[in-house]
Amino acid sequence: MAELFYDADADLSIIQGRKVAVIGYGSQGHAHALSLRDSGVDVRVGLHEGSKSKAKAEEQGLRVVPVAEAAAEADVIMILVPDPIQAEVYEKDIKDNLKDGDALFFGHGLNIRYGFIKPPAGVDVCMVAPKGPGHLVRRQYEEGRGVPCIAAVEQDATGNAFALALSYAKGIGGTRAGVIKTTFTEETETDLFGEQAVLCGGTAALVKAGFETLTEAGYQPEIAYFECLHELKLIVDLMYEGGLEKMRWSISETAEWGDYVTGPRIITDATKAEMKKVLAEIQDGTFAKNWMDEYHGGLKKYNEYKKQDSEHLLETTGKELRKLMSWVDEEA
């Protein structure tokens, strides 16, 4: 079973005694910086010249400085810019400002796991990753609660890296809910697999295949959209609240019987075998290399895929149907 840590296991004074730089001010960056500040931590935000986030961070009472200056001032540096640019930011603005005893923190392990960033031997390398979007992390913190986090140490130069990670997690409210100890390898590989095989890739492909099966059989696209995409939220919400058991308790017996007898015909042994291939490509670095090559090569295929899906009948049908739904905010 996983090791869990709570408020009583973490010493907030450790992070309160450090100088923290949060690099980036997106979804997670703003939640980390504001919550650490409110926990009595000395925080500055590091942003590149011309960042649109600068005004927002300053309006919220945070000190904003260039990334290199933030890294030079701080002894705990949390990198929360997008994965594909982390190595560039590290090489340009952070690497030469690291001192022995400093700590390099990440919210996701990709760049460490695949060696795109190679920290010096004298610094701690840690991860603190809330299992929820930044706005939820911040809201829960403000309400006196927290979002569960995972924490890991890749390099313990000081001998106190995990205690520092727990202290950081406490500063953003994570230990109120619970912190699970993991490794950079486990977090990275399971996160990428979940995104690709289930949450994003698997779900999107399943929805499209179901929609196409119905429309190709002559059913109206609008009806197919409701049955294969719109109602997915109802099911996922039930699973989120109480697992498969609550979902099955809440649906009709007809739907539940169909679940048992038809689900295995859709997700077959062949599907699971393909999932294992996907996992192997994540484990051996193939996916990470291909993604970085695609990103730094100009995102040609990425943009082609994006354009194709935006023109799919599923998307054009949904865009029109959502106009009928006053409770759905198209701008959100």
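The backbone N, Cα and C atoms fix where each Cβ goes, glycine too.
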Quiz item: TYR25, GLY26, SER27, GLN28, SER51, SER53, ASP83, PRO84, ILE85, GLN86 bind NADP(+) according to Swiss-Prot; which of GLY115, GLY122, GLY132, GLY134 goes with them?
Solution: GLY134
Self-check item: Mean of pLDDT values spanning the domain 'KARI C-terminal knotted' (183-328)
Solution: 97
Practice problem: Using DSSP with the three-state reduction, classify ASP191 (Mg(2+) 2 binding site) as helix, strand or coil. | Solution: helix
Exercise. With SER51 (NADP(+) binding site) as the reference Cα, tell me which of the recorded positions HIS108, GLU195, SER252 is the closest one.
Key: HIS108
Self-check item: Fewest other Cβ within 10 angstroms of its own Cβ, chosen from the binding-site residues ASP191, GLU231
Solution: GLU231
